[in-house]
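Quick look at what TrEMBL annotates:
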type     : residues : note
TRANSMEM : 34-57    : transmembrane segment
TRANSMEM : 88-109   : transmembrane segment
TRANSMEM : 121-141  : transmembrane segment
TRANSMEM : 153-177  : transmembrane segment
TRANSMEM : 183-203  : transmembrane segment
DOMAIN   : 290-393  : domain 'Calx-beta'
DOMAIN   : 412-513  : domain 'Calx-beta'
TRANSMEM : 617-635  : transmembrane segment
TRANSMEM : 642-661  : transmembrane segment
TRANSMEM : 742-763  : transmembrane segment
TRANSMEM : 775-800  : transmembrane segment
């Protein structure tokens, strides 16, 4: 049968070639160029869809509930989804959806015969993930920083399964029933998936050792009054009883906010690649490490003195007199050590926010701790949280012939949290009822400023028609209220006109918007944090009208709630129009952002039709995005086959190079981002081993089970016997044939190299103290070694394919 790119081979594709045999006659250079560009463009499309898909997964897996502890009787907020289970199921599915769907679609598109593109893509993607992505994570950290795997038990399980999964492929293709996959083999391959999830879950809850420690993160959307009180108590004990509520909240966000999930990192990576709306990451590692005085570990004992700060970041409220930064010495301590220090401006300015200090610390023999004190300038102006830096430099041991070193935290950043709260602005009442006057009267509506009155602030106001129309029932107003420093109340005046309409109630609304001077709007009132609303009712018979109005307000509130999703759906189309996702971000977009946006614009508009994650807890978005990924993946499969065929490359080599690279690039950037921002390497490395296992168990177990069941039920056909004449005698009733060919030795090569890579990571942990980062030269050499393993795999696979 002709190949897909040859005359007469058009029927081998599902969506492409578009022009049939005419397309097959085009010049080979034209075809290769168009297929390559089309394949790259489809990779962009499936990446944007993966952004939407991962957003729905993030919504599903972030669901929380309130439970009462049997041990303490305390009601606490917990996640419905266990983190490990979420990472190995929905998160892994979101990360590997194109590869898995490519294998499944390939089966159905090839009349239930096995094809090479899907399985080879899964193996090729696994190789790229394990070798290249981890190499990028090793060298992607800032100089001197390290990340190690925290939950080694779960990592050990996923790493073992990631190797055993591919060993299992070799076993079923070569040993049990060569070149044939039986039903039990396909189903068992698929069942390894829930087995992996179950074993990893047991490890996560402590069945095989110590239980994974939960972090001190708080879930803002689910925080109870009791939880909030405890957090506030802890903050005030640490930073002072008299700090403002706004300062307390800022400190809570710095000290307790959780890091994003793997899904957030992948969405951010995809949007950066496509010129989409930027995602705010969690605080970087340093921002999460708040000052902790006590033991400071710089690794194993050394004959070289090492001096640095005890923490990378410190926080202090503006009203504090000073901030203390601890400097610690480790390694050799039997010598006098001097180190200079100096402050440096960041967003906080010298003289305005802090006073410059410079000098030299002297550590006597055996002394390991010193403190630098920096005065903080307190003023009455409301300011955003600002920061400055303190640098250590020029360490020396004047009395001994040793050269001390600066540690990894030779620079500390100090965050100044403003406790001059400008206040929260809101209407005194959210509803106001007036009786229709006989002459024009003035209605005075009070606006209050509470929880702070520092500095001068302003807020805009304007009226909006409801049933009551401006010029008839009332006179429209718009303007700006100004609260002087210390002022807590202002009044908006609206004139109500006499009307001759009886037995009806009219209403209009007065809005507060755009506060300045650091003030905010009360998010608990009607309109929320964006705009506070006071609804004015002009009515006649108050008793009758109030009863009916209460019913109307209930219905209106429910309708408003139902329209939230519609508004967010509309926002998706708005975001698709701008590079960066908003008109504000568009102003800062560079040339690359514009090029990426223009290239991805058709995809963005098309995929904006996918319902947002707010519907049904994210499940509607999940299903719709998965269906669209399937359609785009179909196009990728055809274009990849056309490109490989036109270049004279077999489908298996096309899969482990072009296709595996295109589907894995978003994961590369996501893993690098996770490595930089997370305090541990679990999110970056653990995703690789988990996804590689899931790829086999779902991406091959599911289609191979379907194929084995299909041929067992339908039996052999004339076409099947003609296709596999050598197997007809052994399998007269037909079977699902997966010819080992170059796939089995390619998989065996990957297994061997994967074991080497995992042992190499273990060696780095033992010798370097961490799997990622460390000494810059060693990190580059480590990355080079892993990339060389990938190149060896590619080279061996090409050789094996050529000799078949």
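Cβ coordinates come from backbone N, Cα and C, glycine included.
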Spatial neighbours of the transmembrane segment (775-800) not adjacent in sequence (6+ beyond its ends, CB under 8 Å) are 124, 127-128, 131-132, 134-136, 138-139, 141, 143-144, 652-653, 656-657, 742, 745-746, 749-750, 753, 756-757, 760, 764, 768
Whole-number mean pLDDT, the domain 'Calx-beta' (290-393), equals 81
Take the C-beta pairs under 8 A between the transmembrane segment (121-141) and each of 34-57, 153-177, 183-203, 617-635, 642-661. Which stretch has the highest count? 642-661
Secondary structure content, the domain 'Calx-beta' (412-513) (per DSSP, counts of residues): 0 helix, 58 strand, 44 coil
Quick one: do the transmembrane segment (742-763) and the transmembrane segment (34-57) reach 3+ CB pairs under 8 Å, ignoring pairs fewer than 6 apart in sequence? no
Criterion met for the transmembrane segment (34-57) and the transmembrane segment (642-661) (at least three Cβ pairs under 8 Å): yes
Within the same chain, where does the transmembrane segment (617-635) have neighbours whose Cβ lies under 8 angstroms from its own Cβ atoms, ignoring anything closer than 6 residues to its ends? I mean 6 or more beyond. 14-16, 38, 42, 45-46, 49-50, 52-53, 55-60, 63, 97-98, 101-102, 105, 109, 607, 610-611
Going along the chain, which residues at least six beyond the ends of the transmembrane segment (642-661) come within the CB cut-off of under 8 Å? 3-6, 13, 16-17, 28, 31-32, 35-36, 39, 99, 102, 115-121, 123-125, 127-128, 636, 741-743, 746, 793-794, 797-798, 801
For the domain 'Calx-beta' (290-393), what are the DSSP-based totals of helix, strand and coil residues? 0 helix, 50 strand, 54 coil
Tertiary contacts of the transmembrane segment (153-177) (same chain, 6+ residues out, Cβ under 8 Å): 84, 88, 123, 126, 130, 185, 189, 192, 196, 199-200, 203-204, 208-209, 212, 682, 685-686, 688-690, 692-693, 695-697, 700, 735, 738, 740, 743-744, 747-748, 750-751, 754-755, 758
